[in-house]
Each structure stands twice: as C-alpha cells, then as structure tokens.
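> Below is a structure I'd like to ask you about.
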Amino acid sequence: MKTTIILILLTHWVYSQNPTSGNNTATLCLGHHAVANGTLVKTITDDQIEVTNATELVQSTSIGKICNNPYRVLDGRNCTLIDAMLGDPHCDVFQYENWDLFIERSSAFSNCYPYDIPDYASLRSIVASSGTLEFTAEGFTWTGVTQNGRSGACRRGSADSFFSRLNWLTKSGNSYPTLNVTMPNNNNFDKLYIWGIHHPSTNNEQTKLYVQELGRVTVSTKRSQQTIIPNIGSRPGVRGQSGRISIYWTIVKPGDILMINSNGNLVAPRGYFKMRTGKSSIMRSDAPIDTCVSECITPNGSIPNDKPFQNVNKVTYGKCPKYIKQNTLKLATGMRNVPEKQIRGIFGAIAGFIENGWEGMVDGWYGFRYQNSEGTGQAADLKSTQAAIDQINGKLNRVIERTNEKFHQIEKEFSEVEGRIQDLEKYVEDTKIDLWSYNAELLVALENQHTIDLTDAEMNKLFEKTRRQLRENAEDMGNGCFKIYHKCDNACIGSIRNGTYDHYIYRDEALNNRFQIKGVELKSGYKDWILWISFAISCFLICVVLLGFIMWACQKGNIRCNICI
C-alpha cells in the first residue's frame, strides 16, 4: 500500500513538470518589442490604443521671440507702417527701408497732424506686400498757392513741420486759384500716389487758409476718379488740433495719367512709391526680435516647422504648419504595445507574442526567445524590423509635405462699415479651420491604423516563415511559441532565425521524440482534469490507508476508542 501511494505521488509530480525542459526538445517563441508605459493614439477603429512609440504632430508653443533669419524682419518700434510711409517726423529712420515682414508694435503711435484713412486696411496691405518704402520725388507745379504748410502738432526737432511725403497747399496772398496738374506714368511699373484733403474745424479757418468757403479735390486717372469735399466742423482735440486730414491713395498704371484738380483744401503728393509684387507682409506682435533661424513666424514668436500642424496662432508668415484646433495629435511610429507579464509561473516559462510583448529588446522590434539544452536566450530579427521601419520612416515627412503652407496667412482687417464682410470672412476662416482640424484628425487616425496593421502583419509574416521552416519537426503551442521535438542547440536556433534551417536533417529525430513524448505527455485540454483526478485519488487512498491503520490498531489493542454519551 505504501509503495502504491509513493508511486502515485511521484507520477503526479512528474506530470506537473515542464515537458520541454529535456535535452531532446527545445522551445522557440516569437515576439515583439514592448515598453512598460506606452503612448495612446487614435485610430479609425479605436479612440485609444497603446503603441510603443508615437510622435507629436501639433506644435503648441512658440520660442517666444521672432527670428530674423532667413527673412528680413523690420521692427517698426514706435511707428506704424502707414506713419513711416507718410513721413511722420519720428519715423524718418524708416525711409527707403525694405522688409520681408514688417512688425508693428502695440506701442506704435502717430506724432504729427491727426489724420484718418477711409481705406486704411487696403493701403496698409498694399504697402506691406510691396516690401519697400522706396520713394521718388516728382516735379509737381503748384502755381499761385503757398506750399510746405506746417503745424505745431507735427514737430521735427524744435520746428513746426509736416508729413515729409505730403505737401500742404494754402492760399498765396489772398487767393487760391483752381489747380490743374497732370503727371503721366511713362515707366513700366505701377506708381502709388498718396494725397489728402484738409477738414478745418471752423468756417473762419477754412477761408483763412483757402479763401473759398468750400473747397474741393478731384483726383482722376483713365480708370478711376475720386472727388472729395471737406467736412468743416470741430472735432476732439488731438495734439492741440481739432481739424483733420483724410488720406487717400491712387495707383497709376504704366501709360496712364494722374490728374489733380482742386480749388482748396488739397494736401498734395510730392512723388510716388514704386509698387512691387512679392510675398512681403506685416504682422502685429510684441515678441522681441532676435538672431536665430526659423522659417515660420507668428505673433507669439517663431515656431519650428518640423511638425505638420500648429495650435499657436492663426496668423503666420513663412513656411508654416497648418493651424488646427486640436492641442495634440500623435502619430504612431511604433507597434501595438502589450506590456510583458512579469510573472511566468514556477518554471519561468517563456511566452510568445500571442500572450504579450517583450520588454528590454532594444536591438529590434521583432525577435526570438528560446529554451534549449544550452539554456535560454534572446535575439532580434533585423530583417522584419527593418521592413517595418522602412515603411514607417518618411511617414512624418509625407504628412508635413501635405500640410505645410508655403505662403503667409495675413491678418484680415476691415473698416467698421465693412462689418458684414468681416463677419463673412471670419465665418469662412473658421469653416476652413474646422475642415482642416477634421481632416488632420482623420489623416492621423488613418496613418495610425495603417502603422498598427503593418506591424501586426510583419509579426505574422515572421511567424508563418518560421512555421514553414520547422514543418512537422515542431508543434505550434498556440501562444506564439513552437515546441521543437529534436535537440536544437544555439547553432540550430540561429539557422531558424537566418532562414537556413533544414528540417530534413532533424526529421527522424523529431518524429521519434514526438511519439515518445506523446506517450507520456498529456494534451493541455485534458491535463488539468487528469491532474485533479490523480490528486483526488491520492487523497482518497491516503484516507483509506489511515482508516485501515486505525482499525488494525484498535483490533490489536494499540488504540482504545472511548465514546461518551
């Protein structure tokens, strides 16, 4: 009886051991790289899926300063572009300046006779895109009037002065004759003329300066005509002046003629600005300008353009990422992450990719782990790794190429009377941003889905390649591992990895070992049940033996049993 019990317990222990730990078998598992803490990305089918690595696609911060390279950035300091163009005394340093981007500061102010420009935004945009304040004086003949009017509101140094690009005409003696002046454009470029009309604060000031009780200014070309009549009346005082000057502008094409007719209140041009076509622009910003390199500028400062999208500012200049609403979009640049289970059981069994990934595999994305007579080991499969990396590399650059703007997004400005146009423009811009935000999210989700499917496919391809090599010499264990039924040392494992494994060499040995092991080994589907039954029978037999011993001892008188009621 004792012998039977010992044999049953021994058999139970033997069945509990790892059947692949012998010298005549080996275990080969295929797996992929994993990390302890992956990155969540969005795909077409999942809002959140964990991958081993991902790249942020949205630039959400600027460097806090505007780089002056590779663009010529002109700091307007205390001057607006229009004041610099008109020749405000405190902006004389900007005469004949050139720029790619003119930076207007919030601290900019006018320091001359108070003026308004009915179409300020258009004039500002035209001058900004020209990229220069190059000015050419012309010999206008103003007969019978006094030129070079001045004002105490516009001082140049300690003397009264006026805008350097404009000529304020007043009466000569007690007369102001009707003026008729023409100026042809015989050049092959457009000319921009700036002129204006003075609005006195009182009728007395009107006759004192221009004799006539009501003046008039008409400026014409072959294509256009503007007639302006002064609005006489008191206005809030600015730098001691309650009068105003309204500034207008006229573009004269090659072969056209500029005609000026006036009987009073004319602020005449002194020459023209040469119009240029280019990609120069203007931007309002208080960010400091520094010596650095950046191809994208926003009012918040320059930003890198190595990402396809940005959430810093809608207004940009240069080669910039596309503006979207999202603060973050992550592009998967690694495979699906399945963190490795830290506890593998009593015998430290290895597991394949079906169960989890492998942490610590730094030399490749896909690889092998094995157990054989020489111990355990791990090696990466560089071919499948490179195949996946080659297809993922360049993905970010392709997204950038599709989305980076090669032009600047200018500020949209409209006068108060164009409120409906401004509302429409805002609606169009917001709609464009909404569409781009949606397209960006969809594009990234598609790319992420493709990356994950691609890396999964490479894993399956490697598994199928290994299975075709091993054939009947091994059995698929269902967890990404193969049980090899012949002795397979490290050299043998290496031949499987590099594709030189010859299954015919090991075929006979594998078949013999398979039959021998199958005679003892139990299929995993029934093994647990048999082990539990064996354990139950063992316990039952122990109880029977113990009960028989007690009964035998009672009969011999070695044990006395008293039952008390």
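Every residue, even glycine, has its Cβ placed from backbone N, Cα and C.
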> In Swiss-Prot, Cys488 is paired in a disulfide bond with which of Cys481, Cys492?
Cys492
> In Swiss-Prot, Cys296 sits in a disulfide bond; tell me which of Cys154, Cys320 is on the other end.
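According to Swiss-Prot, the disulfide partner of Cys296 among Cys154, Cys320 is Cys320.
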> According to Swiss-Prot, Cys91 takes part in a disulfide bond; indicate which of Cys79, Cys112 is its partner.
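Its disulfide partner, as Swiss-Prot records it, is Cys79.
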> Among Cys67, Cys112, which cysteine does Swiss-Prot link to Cys154 through a disulfide?
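Of the listed candidates, Swiss-Prot names Cys112 as the partner.
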> Hey, does DSSP put Cys296 (disulfide bond) in a helix, a strand, or just coil?
strand
> Look up Cys554 (S-palmitoyl cysteine) in the DSSP assignment and report helix, strand or coil.
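Once the DSSP labels are grouped into three classes, Cys554 (S-palmitoyl cysteine) ends up as helix.
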> Check the DSSP secondary structure of Cys320 (disulfide bond), expressed as helix, strand or coil.
strand
> Given the recorded positions Asn37, Cys67, Cys154, Asn498, find the one whose Cα is closest in space to the Cα of Asn53 (N-linked glycosylation site).
Asn37
> Within its own chain, what residues at least 6 apart in sequence put their Cβ under 8 Å from the Cβ of Cys296 (disulfide bond), listed in sequence order?
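Result: Ser302, Ile303, Pro304, Asn305, Gln310, Thr316, Tyr317, Gly318, Lys319, Cys320, Pro321.
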> Determine the Cβ neighbour count for Asn498 (N-linked glycosylation site): the number of other Cβ atoms within 10 Å of its Cβ.
10
> Which value does the mean pLDDT take for the topological domain 'Cytoplasmic' (551-565) in this predicted structure?
67
> Which residue, out of the disulfide-bonded residues Cys91, Cys292, Cys320, shows the minimum number of other Cβ atoms inside 10 Å of its Cβ in this structure?
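Output over disulfide-bonded residues Cys91, Cys292, Cys320: least Cβ neighbours within 10 Å is Cys292.
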